[in-house]
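A.B. asks: Below are the structure tokens for one structure; questions will follow.
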Amino acid sequence: MDSSLHNHTSPQDVWYVLIGIPGLEDLHPWISIPICSMYIVAVVGNIFLIFLIVTERSLHEPMYVFLSMLALADILLSTATAPKMLAIFWFHSTDISFGSCVAQMFFIHFIFVAESAILLAMAFDCYVAICYPLRYTTVLTSSVIGKIGIAALVRSFFICCPFIFLVYRLLYCGKNIIPHSYCEHMGIARLACDNINVNIIYGLTVALLSTGMDIVFIIMSYTMILHTVFQIPSWAARLKALNTCGSHICVILLFYTPAFFSFFAHRFGGITIPRHIHILVANLYVVVPPTLNPIIYGVKTKQIQDRVVLLFSSMNTCC
């Protein structure tokens, strides 16, 4: 038996070192500029979007309620990661306790799974709006929307809670350097001097059965949407119907593309994909979608544009 197993330390005694982006340490101050800028835009933009939806009665529709949920999830995801990233880049504040690292890991995965469920709910909203427009208000009632939101949180909690127990059960033997800017499940597990097959299998299973199934259902929804749209005789009506869900498609691509690149690169691309590329994409992933989501919906949604124009016009009048 490996003697290192006899020298393991209690998880509560472990302090980790987050080194940021390995290989690009000299560029950390420069990398921090766009990340900080995007984080500020993400927080301000999403808070403003939530404010518009809450205060404007014309935006109290299922589509915008789901959008406000997405905006809140974006604020939480970027806030769970960006401040520590910036502390590493600016102040070399690399130390983090095991408990804090696990807490950050849990919230990142929890918010990711919840946001995936919200995107699925938004796809369902588009499906009902286009395929069954006359039943839209009876299907997506306030009660149904509330139950969908609660279900997304409950599902995410029960999926992500085992991650905590899976990392606490492992034996740690002194390796404490995480080549990343924030803590995530496999980054912690790979530092253990123990068998992590259960961690790997559970991580893959969660990805396939939660976010993977969400993607399958989203694709099914848009397949049925396209089938309905192309049965409409008028091209103008087709374009109008497609534009209804155009912003949602952009948000889906922004959310899932870098997430799955990071997921598969971490598990299968260790040799072919340089580590600094993988970590850089993972860093951008937690700030780019939250930054662009309110901009995309602001540009492509006329109701939001009209409300923004009206709000700033009234502010100019008051001044």
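Including glycine, each Cβ sits where the backbone N, Cα and C put it.
Taken from TrEMBL, the feature transmembrane segment covers 31-54, 66-91, 106-132, 144-168, 200-220, 241-265, 277-297. Marked as domain 'G-protein coupled receptors family 1 profile' by TrEMBL: 45-297.
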A.B. asks: Could you tell me what the rest of the chain brings near the transmembrane segment (241-265), counting residues at least six beyond its ends with Cβ under 8 Å?
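C.D. replies: For the transmembrane segment (241-265), the list is 70, 112, 115-116, 119, 122-123, 126, 129-130, 207, 211, 215, 218, 222, 225, 228-229, 232, 273, 277-278, 281-282, 284-285, 288-289, 292-293, 296-297, 299-301.
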A.B. asks: Averaged over the whole of the domain 'G-protein coupled receptors family 1 profile' (45-297), what is the pLDDT?
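C.D. replies: Average per-residue pLDDT within the domain 'G-protein coupled receptors family 1 profile' (45-297): 90.
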